[in-house]
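J.: Pulled the feature table from TrEMBL, pasting it below:
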type	residues	note
REGION	11-34	region 'Disordered'
DOMAIN	35-244	domain 'Heparan sulfate-N-deacetylase N-terminal'
DOMAIN	254-458	domain 'Heparan sulphate-N-deacetylase deacetylase'
DOMAIN	548-797	domain 'Sulfotransferase'
ACT_SITE	LYS557	active site, for sulfotransferase activity
BINDING	SER655, LYS777, GLY778, ARG779, GLN780, TYR781	3'-phosphoadenylyl sulfate binding site
DISULFID	CYS762-CYS772	disulfide bond
Amino acid sequence: MVRMRPYGMCPHFQSTPPTDHRPPHQGLGDGRPRTDPKLLLLVETAYPRLGRELAETLVHNRLRYKMEVAGKSLPALTNLDKGRYSVIVFENYHRYLNMDKWNRELLDKYCREYGVGILGFFPPANRHMTGVKVKGFPLYLHTKLSLRDAMLNSASPVLRVARAGGVYQGPLPGDDWSVFTANHTTYEPVAWGSNSSGGRTEYVPLATVMQDHGMYDGISRVLFGNGLNFWLHRLLFLDSLSYLSKGLLSISLERQVLVDIDDIFVGESGIRMWKEDVHDLIKTQDRIRQLVPGFKFNLGFSGKYFHRGTWEENEGDDTILENVDKFNWFCHMWNHMQPHLYNNETHLEYEMSLNKAFAEAHGIPTNSSYSVAPHHSGVYPVHELLYTVWKKVWNIRVTSTEEYPHLRPARLRRGFVHRGIKVLPRQTCGLFTHTIYVDRYPGGLKKLDESIMGGELFQTIVYNPINVFMSHMSNYGSDRLALYTFESVFQFIRCWTNLKLVSSGPLELADKYFKMYPEEIDPVWGNPCLDQRHLKIWSYKKSCQHLPKFLVIGPQKTGTTALYTFLSMHPNISANIPSKETFEEIQFFNGRNYYKGLDWYMQFFPSNDSVDNKIVFEKSATYFDSDIVPKRVQALLPNVKLVTILISPAKRAYSWYQHAKAHGDPNTLKYSFHQVITANESVVPKSLRDFRNRCLNPGKYALHIERWLDYFHHNNLHIIDGDQLKSNPVDVLDQFQKFLKITPPFDYSSHIRYDAKKGFFCKVLEGGGNKCLGKGKGRQYATMDTESYKYLREYYMPYNTALVKLLRKLEHTTIPQWLKDDLSYSST
């Protein structure tokens with residue numbers, strides 16, 4: 001077997017801190033920058049190759065951007081006295097050079113006035129050309145070149161992440177490079193390559209990335225003669241954004257690294273660690289600590305498999321325990337079983353307790369408060385029993401997974417917190433349980449080195465400020481591929497970047513992560529049935545078949561309860577089980593119930609023969625106007641149908657006030673309806689402001705519908721005229737059945753009828769009587785005063801106008817009469 005050793009990959013190494021040469025912000029006078037920390041990315045087409053790579057890099061580094069197809073006109077560049085963008089990026093710089101005179105002057109004026117820089121890429125040329133002048137500038141291009149041996153300009157103020165000082169030897173990817181020459185002092189090379197033709201042995205520098213200091217026309221630029229195929233250009237792209245934005249679009253220079261070694265003591269004979277492997281693990285750890293201060297491997301163990309190998313492997317097990325204090329430790333499962341296979345809390349607790357007893361008997365620390373489940377089982381998709389027993393037996397506070405929200409693309413992995421346990425995103429290093437010999441690595445040593453030297457593993461560490469890597473005990477025996485991989489990549493990072501590598505324990509990493517990204521604390525539950533990997537690590541007792549197929553989203557006081565009652569009569573439609581806390585409404589997506597998890601939600605949609613062939617739905621009228629609900633619904637139910645009911649927003653607000661009054665809301669005792677709706681938000685108490693907003697905001701229909709349409713296609717949305725539902729429910733329900741494509745339709749005309757005493761339609765009972773909505777539904781109250789009615793119609797006029805435009809855009813052939821009346825009243 002080959003014992004892999006990292007080799008010297010650094011042509012230079014200086015332990016000098018990076019110097020930040022960025023010029024200061026041009027502020028607004030009060031310390032605020034004049035532009036938003038966001039870039040404008042102008043691309044060639046709707047599906048650009050380089051533009052997509054640029055966008056993916058920005059997403060991975062969490063840099064804000066707006067992508068636009070470069071057209072005849074520019075998007076808005078300013079918002080009042082502030083610029084919208086700190087940098088303008090052209091996927092094809094010729095688009096900038098060939099802009100029409102008016103747009104070019106507008107963009108140049110914006111860049112000069114707000115101190116905004118331009119970053120541009122020259123696309124590959126079709127043929128070799130020498131000394132082609134760049135239109136309007138004292139800069140020249142040489143195209144269609146093959147290059148090798150890259151070098152950075154150590155004096156360039158652009159460099160921040162990238163470290164200069166040596167030559168990266170070897171051919172650069174592709175044969176379509178463009179290089180620059182200039183005859184003006186405004187230009188300074190950032191990076192060079194050398195022409196690989198002609199059999200030269202000396203280094204002849206050719207500028208592949210050029211900085212324009214802005215001395216020619218007052219605009220700073222960085223220009224690239226190639227895309228992002230070369231890893232060094234990816235670093236320079238990030239550095240250029242930081243420099244041109246004066247630090248607004250920057251990434252941190254600190255990188256936290258934690259390397260987990262799962263499956264300690266686990267594995268078939270032939271892939272486990274020997275005594276010599278453990279000694280080399282310790283020696284390598286000591287060397288890595290010189291590169292990554294505080295570094296220790298983090299070992300996860302399953303005690304059941306201790307001493308289950310050959311005598312050499314058992315000796316390796318003993319050697320690990322003899323050096324227990326040299327590592328950090330975390331609990332795995334006792335028998336390496338996947339936690340989602342346990343549906344009995346007592347059984348799962350017993351298994352975990354066995355592993356804890358083993359640890360205590362062998363001197364393994366039990367206080368790390370960190371754990372990883374085998375194959376990510378139970379972490380995400382969440383298995384509630386795992387979280388319960390983790391806290392009970394091990395006091396787990398932190399775990400990690402690759403699966404949230406999905407394994408791929410890795411750039412979108414995120415963290416979340418559930419039941420007090422922080423879940424960190426976990427990264428892969430290209431090694432798996434079976435990756436034990438270099439000749440069996442896909443693509444061999446060459447491919448592994450490509451990942452290390454500027455490739456996927458290198459970029460993972462560059463792009464993620466906090467890295468939790470997964471590896472396995474088998475990677476550290478045999479050829480010891482993991483030791484080679486991690487030591488090599490850390491050396492390469494120290495060689496070519498100014499990143500500061502450090503290591504902390506899981507608790508510290510979790511605290512840092514969620515301070516850095518507090519918006520991720522709230523989970524976003526996805527649908528496990530849409531991901532085969534998630535299905536495999538989800539409890540076998542779960543099923544997505546009875547999650548709702550449509551949602552009645554509200555708003556409140558528009559007739560949602562009546563619709564719920566009528567739909568519940570349908571033989572092919574089944575409502576959720578009513579919640580004891582909120583009557584028929586679950587209110588999952590918009591409140592604290594969401595944090596109870598998917599298991600809690602699914603208990604309202606049982607799987608049994610009575611509902612197997614029915615269309616299941618949920619009604620929660622408060623979903624309509626919630627900011628966060630559309631995103632959450634789309635994540636869990638991406639194809640769900642949506643139903644909303646609209647009435648006059650003025651009448652809806654008054655009905656809501658009366659509803660609150662009937663339920664004893666203290667604000668209705670203190671304030672009249674007119675006082676509530678006309679309250680000056682800047683001077684009234686917060687309780688009144690909140691009450692006013694809850695009264696008025698749902699009636700801004702167009703605003704809320706547009707938010708839902710950001711996440712769902714308009715064909716998923718069905719809008720019901722609430723007045724029609726009240727006066728002619730049969731026709732409304734027939735149209736709704738067509739929307740749901742229910743055939744044959746249910747004949748509502750023989751199952752509901754008008755009750756003159758109640759003043760609305762009710763269910764027809766078998767004995768001939770009516771069953772109407774319960775106490776409080778359809779209650780009568782005094783007519784709204786004229787002054788309040790006039791105020792509300794004026795208040796809602798812009799929103800109603802927007803609603804008409806939206807309905808026409810959605811091709812609604814009929815505008816509700818109440819909407820026409822409200823707008824005609826406002827215009828008089």
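Quick reminder: no glycine exception, Cβ is built from N, Cα and C everywhere.
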J.: Give, as a single whole number between 0 and 100, the mean pLDDT over the domain 'Heparan sulfate-N-deacetylase N-terminal' (35-244).
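T.: Computed over the domain 'Heparan sulfate-N-deacetylase N-terminal' (35-244), the mean pLDDT is 94 on the 0 to 100 scale.
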J.: Taking the binding-site residues one at a time (SER655, GLN780), which has its Cβ surrounded by the most other Cβ atoms within 10 Å?
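T.: Compared across SER655, GLN780, the most Cβ atoms within 10 Å surround SER655.
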J.: Using C-alpha positions only, work out which of the recorded positions LYS557, CYS762, CYS772 is nearest to SER655 (3'-phosphoadenylyl sulfate binding site).
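T.: Nearest listed residue in space: LYS557.
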J.: If you draw a 10 Å sphere on the Cβ of LYS557 (active site, for sulfotransferase activity), how many other Cβ atoms land inside?
T.: 23
J.: By a 10 A CB contact count over all chains shown, which of the disulfide-bonded residues listed here is most packed: CYS762, CYS772?
T.: CYS762
J.: Tell me the Cα distance separating CYS772 (disulfide bond) from TYR781 (3'-phosphoadenylyl sulfate binding site), rounded to the nearest angstrom.
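T.: Cα-Cα distance, TYR781 (3'-phosphoadenylyl sulfate binding site) to CYS772 (disulfide bond): 18 Å.
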J.: Neighbour count, 10 Å Cβ-Cβ cut-off, for TYR781 (3'-phosphoadenylyl sulfate binding site): what number do you get?
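T.: The answer is 12.
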J.: What Cα-Cα separation, expressed in whole Å, is found between CYS762 (disulfide bond) and GLN780 (3'-phosphoadenylyl sulfate binding site)?
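T.: Between the Cα atoms of CYS762 (disulfide bond) and GLN780 (3'-phosphoadenylyl sulfate binding site), the distance comes to 17 Å.
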